[in-house]
Amino acid sequence: MAHSIALAGKRRSIRALAPLNLFLADVRDGVGPYLAIYLLSVRHWQPGSIGLAMSLPGLVAVLLQTPAGSLVDTSTHKRRLLVLASVVVAASCVAAVTFVSPPVIYATQMLTGAATTIYAPVVAAITLGLVGHRRFAQQTGHNEAWNHGGNVLAAVLAGLIGYYWRYEGIFYLVALMCALGSWSALRINPKDIDNDLARGKGADNPQTDEIETAKDASAAKESAAAKPATETEDSAGAKAASGTDPAATEKGVEQTAGFRQVLGNPRILRFAIAVVLFHFANAAMLPLVGQKLALSNQKASALFMSACIIVAQLVMIPVAAWVSRRAPDAGRKPVFLLAFAVLPVRGVLYTLSNNAYFLVGVQVLDGLAGGIFGVISVIMIADLTRGTGRFNFVQGAIATALGIGASLSTVGAGYLVQHFGYRVGFLALAAVAAVALAFFWFFVEESNPAKNEAIKGELQAA
(Lines of atoms letter the chains of each structure in order from A and count residues from 1; the text may use other names and numbers.)
(Lines give C-alpha, C1' and ligand atoms only; values in the text may rest on other atoms or scores of the structure.)
Protein backbone atom coordinates (compact mmCIF):
# COMPACT_ATOMS: atom_id res chain seq x y z
CA MET A 1 0.00 0.00 0.00
CA ALA A 2 2.75 2.44 0.98
CA HIS A 3 4.61 1.60 -2.24
CA SER A 4 1.51 2.35 -4.34
CA ILE A 5 1.01 5.66 -2.54
CA ALA A 6 4.64 6.60 -3.26
CA LEU A 7 4.22 5.82 -6.96
CA ALA A 8 0.99 7.84 -7.12
CA GLY A 9 2.78 10.77 -5.51
CA LYS A 10 5.60 10.57 -8.04
CA ARG A 11 3.11 10.58 -10.89
CA ARG A 12 1.64 13.80 -9.46
CA SER A 13 5.10 15.33 -9.37
CA ILE A 14 5.68 14.40 -13.00
CA ARG A 15 2.30 15.83 -14.03
CA ALA A 16 3.29 19.11 -12.37
CA LEU A 17 5.98 19.52 -15.05
CA ALA A 18 3.24 20.42 -17.56
CA PRO A 19 1.99 23.62 -15.87
CA LEU A 20 5.56 24.40 -14.78
CA ASN A 21 6.73 24.57 -18.40
CA LEU A 22 3.53 26.29 -19.54
CA PHE A 23 3.80 29.17 -17.07
CA LEU A 24 7.57 29.58 -17.17
CA ALA A 25 7.74 29.67 -20.98
CA ASP A 26 7.55 33.44 -21.24
CA VAL A 27 9.34 34.02 -17.93
CA ARG A 28 12.61 32.47 -19.14
CA ASP A 29 13.36 35.51 -21.30
CA GLY A 30 11.93 38.13 -18.95
CA VAL A 31 9.88 40.87 -20.61
CA GLY A 32 11.96 40.59 -23.78
CA PRO A 33 11.16 42.87 -26.73
CA TYR A 34 8.19 44.42 -24.94
CA LEU A 35 10.61 46.36 -22.74
CA ALA A 36 12.09 48.10 -25.78
CA ILE A 37 8.65 49.17 -26.99
CA TYR A 38 7.68 50.33 -23.49
CA LEU A 39 10.84 52.39 -22.97
CA LEU A 40 10.49 54.01 -26.39
CA SER A 41 6.76 54.73 -26.51
CA VAL A 42 5.93 55.28 -22.81
CA ARG A 43 9.19 56.41 -21.18
CA HIS A 44 10.55 58.15 -24.32
CA TRP A 45 14.07 56.79 -23.94
CA GLN A 46 16.73 57.31 -26.60
CA PRO A 47 17.59 54.29 -28.81
CA GLY A 48 21.11 54.08 -27.38
CA SER A 49 19.85 53.79 -23.82
CA ILE A 50 17.27 51.23 -24.89
CA GLY A 51 19.97 49.18 -26.61
CA LEU A 52 22.06 49.18 -23.45
CA ALA A 53 19.10 48.07 -21.33
CA MET A 54 18.27 45.27 -23.78
CA SER A 55 21.86 44.00 -23.92
CA LEU A 56 22.40 43.72 -20.16
CA PRO A 57 20.45 40.46 -19.52
CA GLY A 58 22.33 38.67 -22.28
CA LEU A 59 25.71 39.86 -21.06
CA VAL A 60 24.97 38.81 -17.48
CA ALA A 61 23.61 35.46 -18.67
CA VAL A 62 26.79 34.73 -20.64
CA LEU A 63 28.86 35.35 -17.49
CA LEU A 64 26.66 33.35 -15.12
CA GLN A 65 25.21 30.50 -17.23
CA THR A 66 28.04 28.05 -16.57
CA PRO A 67 28.21 28.74 -12.79
CA ALA A 68 24.41 28.45 -12.70
CA GLY A 69 24.60 24.99 -14.23
CA SER A 70 27.21 23.95 -11.68
CA LEU A 71 25.01 25.33 -8.88
CA VAL A 72 22.07 23.23 -10.09
CA ASP A 73 24.31 20.14 -10.14
CA THR A 74 25.30 20.55 -6.50
CA SER A 75 22.03 21.88 -5.07
CA THR A 76 19.50 19.59 -3.42
CA HIS A 77 16.95 22.42 -3.27
CA LYS A 78 16.06 22.71 -6.94
CA ARG A 79 12.47 23.81 -6.37
CA ARG A 80 13.70 26.66 -4.19
CA LEU A 81 16.06 27.79 -6.95
CA LEU A 82 13.10 28.00 -9.34
CA VAL A 83 10.98 29.93 -6.87
CA LEU A 84 13.82 32.32 -6.01
CA ALA A 85 14.52 33.02 -9.68
CA SER A 86 10.81 33.65 -10.30
CA VAL A 87 10.60 36.06 -7.36
CA VAL A 88 13.55 38.03 -8.76
CA VAL A 89 12.03 38.21 -12.27
CA ALA A 90 8.60 39.20 -10.92
CA ALA A 91 10.07 41.92 -8.68
CA SER A 92 12.14 43.22 -11.59
CA CYS A 93 9.07 43.46 -13.83
CA VAL A 94 7.09 45.38 -11.22
CA ALA A 95 10.05 47.69 -10.49
CA ALA A 96 10.49 48.43 -14.20
CA VAL A 97 7.01 50.00 -14.45
CA THR A 98 7.08 51.57 -10.97
CA PHE A 99 10.34 53.52 -11.11
CA VAL A 100 11.40 55.83 -13.94
CA SER A 101 15.10 55.99 -13.05
CA PRO A 102 17.43 54.49 -15.71
CA PRO A 103 19.72 52.95 -13.05
CA VAL A 104 16.72 51.03 -11.69
CA ILE A 105 15.88 49.71 -15.17
CA TYR A 106 19.50 48.69 -15.74
CA ALA A 107 19.66 46.97 -12.35
CA THR A 108 16.41 45.07 -12.90
CA GLN A 109 17.63 43.94 -16.32
CA MET A 110 20.84 42.58 -14.83
CA LEU A 111 18.90 40.79 -12.09
CA THR A 112 16.58 39.30 -14.70
CA GLY A 113 19.55 38.08 -16.73
CA ALA A 114 21.03 36.43 -13.64
CA ALA A 115 17.75 34.81 -12.58
CA THR A 116 16.85 33.40 -15.99
CA THR A 117 20.11 31.40 -16.15
CA ILE A 118 18.55 29.06 -13.59
CA TYR A 119 15.42 28.03 -15.50
CA ALA A 120 16.68 25.77 -18.30
CA PRO A 121 19.17 23.70 -16.26
CA VAL A 122 16.94 23.33 -13.21
CA VAL A 123 13.87 22.23 -15.22
CA ALA A 124 16.02 19.70 -17.10
CA ALA A 125 17.56 18.51 -13.83
CA ILE A 126 14.21 18.08 -12.09
CA THR A 127 12.90 16.19 -15.13
CA LEU A 128 15.88 13.83 -15.21
CA GLY A 129 15.70 13.33 -11.45
CA LEU A 130 12.01 12.43 -11.67
CA VAL A 131 11.86 10.14 -14.72
CA GLY A 132 15.42 8.85 -15.22
CA HIS A 133 17.44 8.48 -18.40
CA ARG A 134 15.21 5.98 -20.19
CA ARG A 135 12.13 8.21 -20.10
CA PHE A 136 14.01 11.51 -20.33
CA ALA A 137 13.60 11.85 -24.11
CA GLN A 138 9.84 11.37 -23.93
CA GLN A 139 9.36 13.71 -20.98
CA THR A 140 11.62 16.39 -22.48
CA GLY A 141 9.44 16.37 -25.58
CA HIS A 142 6.36 16.83 -23.41
CA ASN A 143 8.09 19.67 -21.55
CA GLU A 144 8.98 21.45 -24.77
CA ALA A 145 5.46 21.06 -26.16
CA TRP A 146 4.03 22.72 -23.05
CA ASN A 147 6.78 25.36 -23.20
CA HIS A 148 5.90 26.29 -26.78
CA GLY A 149 2.22 26.32 -25.88
CA GLY A 150 3.05 28.73 -23.08
CA ASN A 151 4.91 30.99 -25.50
CA VAL A 152 1.87 31.12 -27.78
CA LEU A 153 -0.45 31.83 -24.84
CA ALA A 154 1.83 34.59 -23.53
CA ALA A 155 2.21 36.18 -26.97
CA VAL A 156 -1.56 36.29 -27.47
CA LEU A 157 -2.25 37.66 -23.97
CA ALA A 158 0.55 40.23 -24.23
CA GLY A 159 -0.75 41.42 -27.58
CA LEU A 160 -4.29 41.80 -26.28
CA ILE A 161 -3.18 43.55 -23.09
CA GLY A 162 -0.89 45.93 -24.95
CA TYR A 163 -3.54 46.74 -27.57
CA TYR A 164 -6.66 47.02 -25.42
CA TRP A 165 -5.17 48.19 -22.11
CA ARG A 166 -1.61 49.44 -21.80
CA TYR A 167 1.93 48.16 -22.01
CA GLU A 168 2.43 48.18 -18.25
CA GLY A 169 -0.03 45.29 -18.08
CA ILE A 170 2.43 43.05 -19.93
CA PHE A 171 4.93 43.39 -17.09
CA TYR A 172 2.29 42.38 -14.55
CA LEU A 173 1.39 39.44 -16.80
CA VAL A 174 4.98 38.16 -16.58
CA ALA A 175 4.89 38.63 -12.79
CA LEU A 176 1.68 36.57 -12.66
CA MET A 177 3.32 33.85 -14.75
CA CYS A 178 6.19 33.83 -12.24
CA ALA A 179 3.74 33.24 -9.40
CA LEU A 180 1.95 30.44 -11.26
CA GLY A 181 5.28 28.86 -12.21
CA SER A 182 6.36 28.92 -8.56
CA TRP A 183 3.07 27.30 -7.54
CA SER A 184 3.69 24.55 -10.11
CA ALA A 185 7.23 23.99 -8.84
CA LEU A 186 6.00 23.60 -5.27
CA ARG A 187 3.57 20.89 -6.41
CA ILE A 188 6.63 18.69 -7.06
CA ASN A 189 7.56 16.61 -4.03
CA PRO A 190 11.32 17.09 -3.45
CA LYS A 191 11.55 13.49 -2.20
CA ASP A 192 10.57 12.32 -5.70
CA ILE A 193 13.67 13.95 -7.23
CA ASP A 194 16.73 11.69 -7.34
CA ASN A 195 19.48 14.29 -6.96
CA ASP A 196 22.20 11.97 -8.29
CA LEU A 197 20.17 11.24 -11.41
CA ALA A 198 19.35 14.95 -11.73
CA ARG A 199 23.03 15.73 -12.28
CA GLY A 200 23.57 12.81 -14.67
CA LYS A 201 25.23 10.54 -12.12
CA GLY A 202 24.37 6.86 -11.90
CA ALA A 203 21.77 4.64 -13.54
CA ASP A 204 18.00 4.75 -13.25
CA ASN A 205 16.47 3.42 -10.05
CA PRO A 206 13.83 0.66 -10.20
CA GLN A 207 10.99 2.92 -9.03
CA THR A 208 11.47 5.15 -12.08
CA ASP A 209 10.43 2.33 -14.37
CA GLU A 210 7.33 1.53 -12.31
CA ILE A 211 5.70 4.88 -13.09
CA GLU A 212 5.25 4.01 -16.75
CA THR A 213 1.85 3.35 -18.21
CA ALA A 214 0.93 -0.13 -19.35
CA LYS A 215 1.64 0.83 -22.95
CA ASP A 216 5.07 2.20 -22.10
CA ALA A 217 5.87 -0.88 -20.05
CA SER A 218 4.90 -3.17 -22.92
CA ALA A 219 7.08 -1.25 -25.34
CA ALA A 220 9.94 -1.31 -22.85
CA LYS A 221 9.70 -5.10 -22.54
CA GLU A 222 9.85 -5.52 -26.32
CA SER A 223 12.85 -3.21 -26.48
CA ALA A 224 14.59 -5.04 -23.64
CA ALA A 225 14.00 -8.39 -25.33
CA ALA A 226 15.79 -7.14 -28.44
CA LYS A 227 18.90 -6.11 -26.45
CA PRO A 228 21.67 -8.35 -25.12
CA ALA A 229 20.83 -9.55 -21.64
CA THR A 230 24.08 -8.18 -20.29
CA GLU A 231 23.56 -4.59 -21.40
CA THR A 232 20.93 -1.90 -20.97
CA GLU A 233 20.79 1.64 -22.28
CA ASP A 234 21.35 3.01 -18.78
CA SER A 235 24.43 0.92 -18.08
CA ALA A 236 25.81 1.64 -21.54
CA GLY A 237 25.48 5.36 -21.08
CA ALA A 238 26.92 5.40 -17.61
CA LYS A 239 30.00 3.42 -18.58
CA ALA A 240 30.55 5.21 -21.88
CA ALA A 241 30.36 8.70 -20.46
CA SER A 242 32.33 8.25 -17.30
CA GLY A 243 34.28 5.06 -17.68
CA THR A 244 32.66 3.59 -14.58
CA ASP A 245 30.85 0.34 -14.04
CA PRO A 246 27.13 0.76 -13.18
CA ALA A 247 27.55 -2.03 -10.65
CA ALA A 248 30.09 0.10 -8.90
CA THR A 249 27.71 3.03 -9.16
CA GLU A 250 25.05 1.07 -7.27
CA LYS A 251 27.59 0.48 -4.53
CA GLY A 252 28.13 4.21 -4.26
CA VAL A 253 31.77 4.33 -5.46
CA GLU A 254 31.23 6.29 -8.67
CA GLN A 255 33.06 9.60 -8.58
CA THR A 256 31.91 12.90 -10.04
CA ALA A 257 33.99 13.79 -13.10
CA GLY A 258 36.24 16.82 -12.97
CA PHE A 259 35.41 19.99 -14.90
CA ARG A 260 38.39 19.56 -17.23
CA GLN A 261 37.48 15.95 -17.84
CA VAL A 262 34.02 16.72 -19.20
CA LEU A 263 35.01 19.91 -21.05
CA GLY A 264 37.89 18.03 -22.67
CA ASN A 265 35.69 15.13 -23.78
CA PRO A 266 36.01 15.01 -27.61
CA ARG A 267 32.38 13.96 -28.08
CA ILE A 268 31.13 16.89 -26.00
CA LEU A 269 33.47 19.34 -27.76
CA ARG A 270 32.36 18.26 -31.24
CA PHE A 271 28.71 18.47 -30.23
CA ALA A 272 29.27 21.94 -28.75
CA ILE A 273 30.95 23.20 -31.94
CA ALA A 274 28.06 21.89 -34.05
CA VAL A 275 25.31 23.52 -32.00
CA VAL A 276 27.21 26.82 -31.72
CA LEU A 277 27.51 26.90 -35.53
CA PHE A 278 23.79 26.14 -35.74
CA HIS A 279 22.93 28.96 -33.36
CA PHE A 280 25.33 31.37 -35.07
CA ALA A 281 23.45 30.78 -38.33
CA ASN A 282 20.00 30.86 -36.72
CA ALA A 283 20.09 33.69 -34.17
CA ALA A 284 20.15 36.64 -36.58
CA MET A 285 17.54 35.35 -39.03
CA LEU A 286 14.38 36.40 -37.19
CA PRO A 287 15.65 39.93 -36.34
CA LEU A 288 16.56 40.43 -40.01
CA VAL A 289 13.10 39.22 -41.04
CA GLY A 290 11.61 41.77 -38.66
CA GLN A 291 13.63 44.51 -40.33
CA LYS A 292 12.48 43.40 -43.78
CA LEU A 293 8.87 43.46 -42.59
CA ALA A 294 9.32 46.97 -41.19
CA LEU A 295 10.74 48.22 -44.49
CA SER A 296 7.85 46.82 -46.51
CA ASN A 297 5.00 47.77 -44.15
CA GLN A 298 6.03 49.76 -41.09
CA LYS A 299 2.49 50.15 -39.74
CA ALA A 300 1.78 46.42 -39.64
CA SER A 301 5.34 45.28 -38.87
CA ALA A 302 4.60 44.53 -35.19
CA LEU A 303 1.56 42.45 -36.18
CA PHE A 304 3.55 40.44 -38.72
CA MET A 305 6.42 40.00 -36.27
CA SER A 306 4.02 38.55 -33.71
CA ALA A 307 2.67 36.28 -36.44
CA CYS A 308 6.22 35.04 -37.15
CA ILE A 309 6.69 34.11 -33.50
CA ILE A 310 3.27 32.50 -33.09
CA VAL A 311 3.54 30.47 -36.32
CA ALA A 312 6.93 29.08 -35.28
CA GLN A 313 5.76 28.25 -31.76
CA LEU A 314 2.60 26.54 -33.01
CA VAL A 315 4.69 24.32 -35.28
CA MET A 316 7.11 23.54 -32.44
CA ILE A 317 4.35 22.02 -30.28
CA PRO A 318 3.62 18.92 -32.44
CA VAL A 319 7.26 18.70 -33.56
CA ALA A 320 8.48 18.46 -29.96
CA ALA A 321 5.91 15.76 -29.23
CA TRP A 322 6.94 13.84 -32.37
CA VAL A 323 10.65 14.09 -31.56
CA SER A 324 10.14 12.71 -28.06
CA ARG A 325 8.58 9.59 -29.56
CA ARG A 326 10.96 9.24 -32.50
CA ALA A 327 14.38 9.88 -30.93
CA PRO A 328 14.63 6.68 -28.84
CA ASP A 329 13.90 4.42 -31.84
CA ALA A 330 15.57 6.30 -34.71
CA GLY A 331 18.45 7.62 -32.63
CA ARG A 332 19.26 11.22 -31.81
CA LYS A 333 21.49 12.07 -34.78
CA PRO A 334 19.09 11.34 -37.70
CA VAL A 335 16.38 13.47 -36.10
CA PHE A 336 18.77 16.32 -35.29
CA LEU A 337 20.15 16.22 -38.85
CA LEU A 338 16.71 17.27 -40.07
CA ALA A 339 16.95 20.49 -38.04
CA PHE A 340 20.44 21.19 -39.38
CA ALA A 341 19.28 20.52 -42.97
CA VAL A 342 16.29 22.87 -42.70
CA LEU A 343 18.33 25.89 -41.59
CA PRO A 344 20.26 26.64 -44.83
CA VAL A 345 17.06 26.19 -46.85
CA ARG A 346 15.31 28.72 -44.62
CA GLY A 347 18.12 31.24 -45.08
CA VAL A 348 17.93 30.99 -48.87
CA LEU A 349 14.12 31.24 -48.93
CA TYR A 350 14.24 34.59 -47.13
CA THR A 351 16.08 36.06 -50.14
CA LEU A 352 13.38 35.12 -52.65
CA SER A 353 10.64 37.59 -51.70
CA ASN A 354 9.81 40.61 -49.56
CA ASN A 355 6.14 39.62 -49.33
CA ALA A 356 5.11 39.66 -45.67
CA TYR A 357 2.89 36.59 -45.96
CA PHE A 358 5.71 34.64 -47.63
CA LEU A 359 8.17 35.61 -44.90
CA VAL A 360 5.71 34.57 -42.20
CA GLY A 361 5.13 31.28 -44.02
CA VAL A 362 8.84 30.47 -44.03
CA GLN A 363 8.64 30.53 -40.23
CA VAL A 364 7.15 27.04 -40.44
CA LEU A 365 10.73 25.87 -41.07
CA ASP A 366 11.89 27.82 -38.01
CA GLY A 367 9.28 25.96 -35.98
CA LEU A 368 10.45 22.61 -37.35
CA ALA A 369 14.13 23.26 -36.61
CA GLY A 370 13.45 24.93 -33.26
CA GLY A 371 11.13 22.16 -32.10
CA ILE A 372 13.79 19.55 -32.83
CA PHE A 373 16.65 21.58 -31.36
CA GLY A 374 14.86 22.28 -28.09
CA VAL A 375 14.33 18.58 -27.40
CA ILE A 376 17.29 16.77 -28.94
CA SER A 377 20.00 19.14 -27.73
CA VAL A 378 19.06 18.52 -24.08
CA ILE A 379 18.74 14.77 -24.64
CA MET A 380 22.16 14.55 -26.31
CA ILE A 381 23.79 16.52 -23.49
CA ALA A 382 22.22 14.08 -21.02
CA ASP A 383 23.59 11.17 -23.10
CA LEU A 384 27.08 12.64 -23.36
CA THR A 385 27.34 13.46 -19.65
CA ARG A 386 25.68 10.34 -18.28
CA GLY A 387 27.61 9.02 -15.32
CA THR A 388 29.76 12.16 -14.96
CA GLY A 389 27.62 14.09 -12.48
CA ARG A 390 28.13 17.24 -14.60
CA PHE A 391 24.95 17.29 -16.70
CA ASN A 392 23.86 20.79 -15.72
CA PHE A 393 27.39 22.21 -15.71
CA VAL A 394 27.83 21.14 -19.34
CA GLN A 395 24.37 22.49 -20.15
CA GLY A 396 25.45 25.84 -18.74
CA ALA A 397 28.79 25.83 -20.57
CA ILE A 398 27.13 25.09 -23.90
CA ALA A 399 24.45 27.72 -23.23
CA THR A 400 27.24 30.23 -22.62
CA ALA A 401 28.82 29.33 -25.95
CA LEU A 402 25.42 29.62 -27.64
CA GLY A 403 24.95 33.08 -26.16
CA ILE A 404 28.31 34.24 -27.47
CA GLY A 405 27.52 32.73 -30.87
CA ALA A 406 24.15 34.47 -30.97
CA SER A 407 25.72 37.84 -30.16
CA LEU A 408 28.37 37.43 -32.86
CA SER A 409 25.64 36.35 -35.29
CA THR A 410 23.54 39.48 -34.85
CA VAL A 411 26.57 41.78 -34.97
CA GLY A 412 28.08 40.09 -38.03
CA ALA A 413 24.80 39.83 -39.92
CA GLY A 414 23.97 43.45 -39.12
CA TYR A 415 27.31 44.59 -40.53
CA LEU A 416 26.81 42.57 -43.72
CA VAL A 417 23.28 43.90 -44.22
CA GLN A 418 24.40 47.49 -43.63
CA HIS A 419 27.14 47.28 -46.28
CA PHE A 420 25.90 44.65 -48.73
CA GLY A 421 22.13 44.30 -48.24
CA TYR A 422 19.70 41.73 -46.85
CA ARG A 423 20.31 39.20 -49.62
CA VAL A 424 24.00 38.89 -48.76
CA GLY A 425 23.20 38.78 -45.05
CA PHE A 426 20.77 35.88 -45.39
CA LEU A 427 23.02 33.99 -47.82
CA ALA A 428 25.95 34.33 -45.42
CA LEU A 429 23.84 32.88 -42.60
CA ALA A 430 22.72 30.07 -44.93
CA ALA A 431 26.37 29.31 -45.73
CA VAL A 432 27.21 29.05 -42.02
CA ALA A 433 24.19 26.77 -41.62
CA ALA A 434 25.53 24.54 -44.41
CA VAL A 435 28.90 24.33 -42.63
CA ALA A 436 27.07 23.41 -39.42
CA LEU A 437 25.18 20.65 -41.26
CA ALA A 438 28.38 19.21 -42.72
CA PHE A 439 30.21 19.34 -39.40
CA PHE A 440 27.38 17.65 -37.53
CA TRP A 441 26.99 14.99 -40.22
CA PHE A 442 30.68 14.01 -40.35
CA PHE A 443 32.03 14.69 -36.86
CA VAL A 444 29.22 14.28 -34.30
CA GLU A 445 28.43 10.72 -33.28
CA GLU A 446 25.12 9.18 -32.36
CA SER A 447 24.80 9.65 -28.59
CA ASN A 448 22.10 7.08 -27.81
CA PRO A 449 24.01 4.21 -26.15
CA ALA A 450 21.56 1.69 -27.58
CA LYS A 451 22.34 2.90 -31.14
CA ASN A 452 26.06 3.69 -30.97
CA GLU A 453 28.19 0.72 -32.01
CA ALA A 454 31.38 2.51 -30.95
CA ILE A 455 30.11 2.78 -27.39
CA LYS A 456 29.19 -0.89 -27.43
CA GLY A 457 32.73 -1.71 -28.62
CA GLU A 458 34.20 0.32 -25.78
CA LEU A 459 32.00 -1.57 -23.34
CA GLN A 460 33.13 -4.93 -24.68
CA ALA A 461 36.77 -3.83 -24.50
CA ALA A 462 36.25 -2.68 -20.93
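Including glycine, each Cβ sits where the backbone N, Cα and C put it.
What you are looking at is a predicted structure, and each value in this text was computed from that prediction instead of being measured.
Matching 19-41, 111-133 against TrEMBL, the residues noted as transmembrane segment span 111-133.
Listed as Cβ neighbours of the transmembrane segment (111-133) (distance under 8 Å, sequence separation of 6 or more from its ends, same chain) are residues 10, 13-14, 17, 20-21, 24, 27-31, 56-61, 64-65, 68-69, 71-73, 78-79, 81-82, 84-86, 88-89, 91-93, 139-140, 143, 188, 192-195, 197-200, 203-205, 208-209, 211, 233-234, 237, 378, 382, 386, 391-392, 395-396, 399.
When Cβ distances are compared across the two stretches, the transmembrane segment (422-444) makes contact with the transmembrane segment (268-290), since 3 or more pairs at least 6 residues apart fall below 8 angstroms. Contact counts against the transmembrane segment (268-290), taken as Cβ pairs under 8 Å, peak for 393-416 among the stretches 335-352, 358-381, 393-416.
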